[in-house]
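According to TrEMBL:
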type: TRANSMEM; residues: 6-25; note: transmembrane segment
type: TRANSMEM; residues: 32-50; note: transmembrane segment
type: TRANSMEM; residues: 70-88; note: transmembrane segment
type: TRANSMEM; residues: 100-124; note: transmembrane segment
type: TRANSMEM; residues: 165-186; note: transmembrane segment
type: TRANSMEM; residues: 237-258; note: transmembrane segment
type: TRANSMEM; residues: 264-282; note: transmembrane segment
type: TRANSMEM; residues: 298-316; note: transmembrane segment
type: TRANSMEM; residues: 322-344; note: transmembrane segment
type: TRANSMEM; residues: 356-375; note: transmembrane segment
type: TRANSMEM; residues: 417-438; note: transmembrane segment
Amino acid sequence: MNLTDIAIDIATVSFLLCLGFALRVKIAFFRRYFIPASLIAGILGLLLGPQVLGEVSPICLHYSKGIGQWINFAFCFIFATSFLGNSVGKLGRDILSTTVIAGTMHMMQILVGLAIIVALLPFMQDLPMWLGLLPVTGFYGGHGSAGIIGASFGSEGISDAMGIAMTYATIGMFAAVIGGMFLINYGASRGWTSHKVDQAEIDKLTHSSGLLEKGSRPSMAAAVCSPSALDPFAFQFMIVGVIIAISYITRIGLIAIIPFWKRIPLYTMCLLMGAIVGPILGKTKWGQYIDRPSMKRISGLALEYMIVVAVATIRISVLKAYFVPIVVSTIILCGLTAFFSVYLSKKWYGDHWFEVAMGIYGQCTGTLATGLLLIKVLDPDGDTMTSESISGSSTLGSFYQLPNTTMGPMLFLSSPMLYIGGVSAALVAFILAGILFFRVKGKADPA
């Protein structure tokens, strides 16, 4: 792979993104179910690529042999920015209780996913146990976390995991929106909502093209230096590059001392360095020069292109081989997630519990964005603190989610019982925290 191959790949993915965005603007189906342009672009790339169009036509999209390396490369930027300029803020009861609920859901999805594979083994003896770890990453975090665990398994020599994880994430997007709207209507009929569900608000959300009119376009970022000295965006990009450089040098040094660190990918080191350097800089006068919105844009750019590449290069033969466990685990986990989102939110959150339940369900089957979307339907004017609770829990949740997606595969493959024991202990800890510290008295069980 040379620079020309990289340029052609960038041009190809950009063309697919352009088509994907145009289709989202024009086709109501994609807007109704809030399908992002990057996912549409990835599916187009798969259909127009050698696995589908190439089977019947000599003309199709071709990607360089090194395009798969994009994923690890993109995650270096995504992880390096995770803690730069970020602040958790004040942690109130609402955020903490929501974090406990989300943590319980996360650990439950891991253990149930593994249990499903064990239950299917008598009928499908060739099923690998690592398959049970993939649903949670597709459902809890969407295509971003699916890509992370896919890359982590890839580092361990299991390349099939990426396509399966991305498939779970795609299914989860539909489950989050369609299942979420069903639950909202059911909850409204039972009187669980704090506000009357406004059909006009739903129509407004589903008809949005994604293009913003003049006068309603927010600023992407803030300049912290003069363009005469250095372009402001280049300044922020420079900071990210320095974090990646520190991560690379640190990893090389650790490998020289402890060869085990070869199994830790560079993007995991970027996450660790970002988690160390970010808070330290935040306590100094230099922290003011890290512009968080710029970091989000850098991370967002890397994530969008990563999703397109990961989906476009899914191996269809792998999906055919694991079709049954994918369907079975999807049905069971989505059903359990819906039930426990409602049950635990009413038990542990308090007022406006149903809004939080829908946010949890959307987050734990799709992404934080789908969770906030469902809350928007129930609370269009932001009268409750539920959006803040879900957002805060997502930030705190990264402290158990990211270690699992980055290092979980390595730990599971080397010591599965230790991994399962750790997840089980975390599940028990979350449940005990919910019962001891956040249980709401006088609430009837949801029926």
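Residue numbering: from 1, along the chain as shown.
Cβ from N, Cα, C; glycine included.
Unlike curated entries, TrEMBL annotations are predicted automatically.
Across 6-25, 237-258, 322-344, 356-375, stretch 237-258 shows the highest tally of CB pairs under 8 A with the transmembrane segment (70-88). Comparison of 6-25, 100-124, 237-258, 322-344, 356-375 by number of C-beta pairs under 8 angstroms to the transmembrane segment (298-316) places 6-25 first. Counting C-beta pairs under 8 angstroms (sequence separation of 6 or more), the transmembrane segment (100-124) fails to reach the transmembrane segment (6-25), with fewer than 3 such pairs. Between the transmembrane segment (322-344) and the listed ranges 6-25, 32-50, 165-186, 264-282, the one holding the most Cβ pairs under 8 Å is 165-186. Listed stretches 6-25, 32-50, 264-282 were compared with the transmembrane segment (165-186); the greatest number of C-beta pairs under 8 angstroms is found for 32-50. Packing against the transmembrane segment (264-282) from elsewhere in the chain are residues 72, 75-87, 148, 151-152, 155, 243-244, 246-248, 250-251, 254, 290, 402, 406-407, 410: each is 6 or more residues past its ends and has a CB under 8 Å from a CB in it.
Within the same chain, residues 12-13, 16-17, 19-21, 23-24, 60-63, 143, 166, 170, 173-174, 177-178, 205-206, 210, 303-305, 307-314, 316, 369-370, 373 sit at least 6 positions outside the transmembrane segment (32-50) and bring their C-beta atoms closer than 8 Å to a C-beta of that stretch.
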